[in-house]
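Below is one structure, written out as structure tokens; comments come after it.
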Amino acid sequence: MTLVAGVDSSTQSCKVVVRDAETGTLVREGRAAHPDGTEVHPDAWESALDAAVAEAGGLDDVAAVAVGGQQHGMVCLDESGKVVRPALLWNDTRSAGAAGDLIEELGGGEAGRQAWVDAVGLVPVASFTVTKLRWLADNEPDNAGRTAAVCLPHDYLSWKLAGSPGLDALFTDRGDASGTGYWSAATGEYRTDLLVRGLGHEAVVPRVLAPAESGGTTPGGALIGPGTGDNAAAALGLAARPGDVVLSIGTSGVASAVAEVPAADASGAVAGFADATGRFLPLVATLNAARVLDAMARILGVDHAELSRLALSAPAGAGGLALVPYFEGERTPDKPDSTGALHGMRLSTSTPAHLARAAVEGLLCGLADGLDALVAQGARVERVFLVGGGARSEAVRRLAPAVLGRPVLVPPPGEYVADGAARQAAWVLTGAAEAPTWEREGTEAYDAEPTPFVRERYAEARDLTVAQPQV
Ligand SMILES: Nc1ncnc2c1ncn2[C@@H]1O[C@H](COP(=O)(O)OP(=O)(O)O)[C@@H](O)[C@H]1O
Ligand SMILES: O=C(CO)[C@@H](O)[C@H](O)COP(=O)(O)O
């Protein structure tokens, strides 16, 4: 049996799967936690990768490996390949002002937003790498000056797997490059001028590989695939095709659609990313998803199973209680300093069940807004998949079709990002025109009577939040 490995270096943890390259059968797996916080030293990802690989039985017997990872994180390397400072993650909002400055510099307002969309398919918000570079240049000029290369979390780990062989050996893929703000999914080219606009000077950036091209080998001789961003990897793991929308409830809430053409949304809601197959992946991401459920479970002093049971025991709409889930500020809509809020409290709805229901519905309303934004940009929606840690909640699975007003498909609990990376690794081995087909069984369909009044109530509450800058 030929084995391949896939990695998901996500916000909260690192997961590794080892699969049969031909059939996709799971052979071994491992995981390790990442530190909390929105600023993390890449050494921590490397240690977690080592631990997860060890738990998964090592890579000695795998023929190829690929890394999927959280998108956008700013990893700066000096000339010798040393990390300049801890990485700023996708959910670090300190560069919100820098995002505004970058829009201003390309014309400001509508013109500035359109100029960015025309250049790189997205409007800068604090999540995107280019804004983090500008924050670095403005606030830590010495660190910016020492930065000789810039890469993303998955690029860094792929390079480490290859033995960190010099800055020119860095490589990436279309999917993750498209989330930097200095690479265009539409043209397939870097915009060095925009990188310089962020960082203040030129720097080495990873070579963008074709979807099934190898970027190097591990010391044990396994081919290393291009890897990709976690959302493109999830789409690959699900074998998503045009007409499919993937909703992911991880640390981020994501609605993404496989598309044949790049997106260009000057409102900034939809980012015009590329996918890992040569297509495109228009995507809406929020900063608040599974951790909203974590927070409500903590408030109520219950575990996830009980939170789910409580939510399902309350009426649809939670008696008018609406939770706006901007606990971490928000990216879509672009409100980096906003806070969460609970609206419509009555004595009768001040119960754990109503609170639990409001948390699940609030989270789902945020995702439903994301799905609407994709549709407004022309996404075709034939099938909707629900994945990520939050999809393990029965309440989420059962209430999603009611809030979204559409049926959803829930694949069996699994690591779809790591699986997508493993499938990419298998593709690198075959070098065929398409990724290998791996059968997956056990997908469940959920449907429910639509509850549009839940979204109407949420829409009334959505903008009623107070701002509080993050420290
Ligand atoms: N049964 C469950 N119900 C709700 N949330 C869950 C459940 N199991 C795990 N989670 C949450 O899912 C999140 C992890 O999901 P994951 O997709 O791995 O996130 P990430 O990829 O961002 O690290 C955590 O916040 C965790 O608490
Ligand atoms: O910023 C984005 C997408 O644009 C996030 O989706 C990150 O890629 C983090 O993903 P998770 O850790 O939540 O899976």
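The chain as shown is numbered from 1 upward.
Note that Cβ sites are derived from N, Cα and C of the backbone, with glycine treated the same way.
Since the structure is predicted, the reported quantities are computational estimates derived from the model, not experimental observations.
Positions annotated as active site, proton acceptor by TrEMBL: Asp230. For Gln71, His72, the entry in TrEMBL reads substrate binding site. For 4-214, the entry in TrEMBL reads domain 'Carbohydrate kinase FGGY N-terminal'. If you look up TrEMBL, you'll see 246-427 marked as domain 'Carbohydrate kinase FGGY C-terminal'. Sequence annotations record features per position, and here TrEMBL assigns site 'Important for activity' to Asp8.
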Spatial neighbour of Asp8 (site 'Important for activity') that is closest, considering only the recorded positions Gln71, His72, Asp230 and their CA atoms: Asp230
Other CB atoms, at most 10 A from the CB of the residue listed as 'active site, proton acceptor': 33
PLDDT averaged over every residue in the domain 'Carbohydrate kinase FGGY C-terminal' (246-427): 97
Packing count at Asp8 (site 'Important for activity') (other Cβ atoms within 10 Å of its Cβ): 29
Cα distance (Å, whole number) from Gln71 (substrate binding site) to the residue listed as 'active site, proton acceptor': 7
Listed recorded positions adjacent to ligand 2, that is, members of Asp8, His72, Asp230 whose C-beta is under 6 A away: His72, Asp230
Neighbouring C-beta atoms (10 Å sphere around the C-beta of His72 (substrate binding site)): 28
Cβ neighbours of Gln71 (substrate binding site) where a neighbour is any other Cβ within 10 Å: 30
In three-state DSSP terms, the structure that the residue listed as 'active site, proton acceptor' belongs to: helix
Secondary-structure category, per DSSP, in which Asp8 (site 'Important for activity') falls: strand
